[in-house]
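Q: Let me give you the structure first, and then I'll get to my questions.
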Amino acid sequence: MAGPSPHKPRRKAKRAGGNGPSNLPVIMEREALVRVPSFPLAAFLWPARSSVSQWELLPLILMVVGLFRWAAGLWGYSGFKKPPLFGDYEAQRHWMEITTHLPISQWYFHDLEWWGLDYPPLTAYHSWICGKIGSLIDPAWFALYDSRGSHDPTLKIFMRATVLVSEYLIYIPAAVIFVRRFSRLSDVPAWTSSVALVAILMQPATILIDHVHFQYNTVMLGFVLASMSSMLAGRNLWASFFFVLALGFKQMALYYAFSVFAYLLAVCVFPRINIPRFIGIALVTVVSFAILLLPVVAGTLSEASRGITAHPDGAYPPLPLFSDLAKHLNTEAFYYPVVEQLVQIIHRVFPFARGLFEDKVANFWCAMNVVIKLREYPAELLQKGALVATLAAIVPPNLILFLRPNKHLQPNKLLLPLAFATTAWGFFLFSYQVHEKSVLLPLMPMTLLLAGKQGLGNKRAWVGFANILGCWTMYPLLQRVDLRVPYTVLTLLWAYLLGLPPTSLNAYFQDGSSIWSQWATAFIHGFFYLTMAFWHVLDMFVVAPKDKPDLWVVANVGVGAVGFSLCYLWCLGSLVIESEILTSWTGKKMKTKTQ
């Protein structure tokens, strides 16, 4: 009788998403990134690949990205010693001033020529909280009228701290949770998702605008991330609530509204129509908006009953808009101040009167304006044209998001970042009244792709290209306020960490795509990278002709618009491929023919 076989069967490996060291061989088989640290960011985190728990690494990540944000804030800011209006920094400080000193009914009417409040109510409440805290430290920082244009260095520290604290309370927790959930759904190992998290939190455009130039975009983006994360977890009511908060903080969150609507409608339709769920989502949305507006409405009614008006006689005359309103409503009715307040908020938040665009932005309309002077056309025609073009760009990705359930007949959650990015690119390229800083909205979901399947592989080249191009198109804005150095340092640092041009070509030759595709992508991106570098040389050493003083800015707009259009097409194409909608449709058609 033969003895026992010396061969021992291989033990079944644990799931690739585990955290222990025994999981490493499986990770190495399934994730090319783990075999060798193929770019510097992976090399820096390489010692942590066998960490017992990713939560050991998370505190270090948060400390490092926080230090970079604070260091970036040591530079100047928008409007530093640049009268007469002193830029976005003064706008945010001024809103803290008026919300802490004026009745709530006057917030949206006060001195509109000096940074009048033009964001939704949640921004005003945020300004009120920051202003109250700052006034406890030094009341002079927010003294009504007397504090305008203040460049107190201690105030700067406080203002920078409000951005950092707001981000760590909302954006960063939302990013951490989203990356964990999305990576788990995509079957991406924990260590790889940690690398992606660092890359996402080190996104240069976000740091440059919020922590250098000065704004609070990450609060709105954090609420959007929380909404997306709730969708991944199947918590649809929370998804509605968080997205209302995003809209309540900045109206630019409308860039994502179609995708949110498409996904939430899909969960009410697939795998079967669910009327109670639809009613629940609708109720949460309506109630959330009502709660958001409640302080303004209640405050206005209370102040009106005490004789406090939104525009005291002789100080804040009503806008012409309200002369038509008074023709249809009783101005003595108790509800009139509330109607007037809501109309004013809408008027301030959606400034259609400003025209198709105010400044030079790398989108379709500004690029087209170089050839055809669009401002010579009637505003109504331009509004309709922008609406049609925007709908044509955003309907396809949201139809895919709505129509493509996964194998469990549930809406495909893995398509969310691509659908959000494609929709936001469509809005940025074609919608009415776009600012150059609005590029942050498509960049955010596109950068989230790093946390998904092949995110740090063949998708890294396109994500990196979009981010570097986005920073480059904002250079004229940053240059005007002497922020060239942080622009250069943060952009090149991110490119170096992710193995992107001009520091490396590593991102273009990854497993998961054909050689032809790799070389084609490298060639297209290389052309743009060389163009950006050459543009910087021209801008630095060659003076624009006197009859065309904006020549280099216009060139920036044109190149940026073409590059962003390619990003839109890549996102849309990737969405079509990953949804397998064409394969499914073709298969059904072939099956029908054979029958």
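Every residue, even glycine, has its Cβ placed from backbone N, Cα and C.
Sharing the features that TrEMBL gives for it:
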REGION    1-23  region 'Disordered'
TRANSMEM  57-77  transmembrane segment
TRANSMEM  157-178  transmembrane segment
TRANSMEM  190-209  transmembrane segment
TRANSMEM  221-247  transmembrane segment
TRANSMEM  253-271  transmembrane segment
TRANSMEM  278-298  transmembrane segment
TRANSMEM  415-434  transmembrane segment
TRANSMEM  485-502  transmembrane segment
TRANSMEM  522-544  transmembrane segment
TRANSMEM  551-577  transmembrane segment
Q: Same chain only, please: residues at least 6 beyond the ends of the transmembrane segment (221-247) with a C-beta under 8 Å from a C-beta of the stretch. Say none if there are none.
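A: Long-range Cβ neighbours of the transmembrane segment (221-247): 120, 122, 167, 170-175, 177-178, 181-182, 185, 206, 253-254, 256-257, 260, 263-264, 267, 277, 280-281, 284-285, 288-289, 292, 413, 416-417, 420, 440-441, 444-445, 448.
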Q: Quick check: do the transmembrane segment (253-271) and the transmembrane segment (415-434) share at least 3 Cβ pairs under 8 Å, counting only pairs 6+ apart in sequence?
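A: Counting Cβ pairs under 8 Å (6 or more apart in sequence), the transmembrane segment (253-271) reaches the transmembrane segment (415-434), since there are 3 or more.
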Q: Under a criterion of three or more Cβ pairs within a distance under 8 Å and sequence separation of at least 6, are the transmembrane segment (485-502) and the transmembrane segment (415-434) in contact?
A: no
Q: Cβ under 8 Å to the transmembrane segment (190-209), counting only same-chain residues 6 or more beyond its ends: which ones?
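A: Apart from its flanks, the transmembrane segment (190-209) reaches 17-19, 27, 31, 33-34, 41-42, 45, 48-49, 51, 54, 57-58, 61, 64-65, 68-69, 72, 172, 175-176, 179-180, 183, 215, 217-218, 221, 437, 439-440, 443-444, 447-448, 450-451, 455-456, 467-468, 470-471, 474, 478, 483, 486-487, 490-491, 493-494, 497-498.
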Q: Would you kindly list the residues that approach the transmembrane segment (57-77) from elsewhere in its chain, counting only those six or more residues past its ends and only Cβ-Cβ distances under 8 Å?
A: 45, 48, 51, 87-89, 156, 160, 163-164, 167-168, 172, 176, 194, 197-198, 201-202, 207-208, 211-214, 481-483, 485-486, 490
Q: Six or more residues out from either end of the transmembrane segment (522-544), which same-chain residues have a Cβ under 8 Å from its Cβ atoms?
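A: Same-chain contacts beyond the flanks: 461, 465, 468-469, 472, 475, 501-502, 505, 508-509, 550-552, 555-556, 559, 563, 566.
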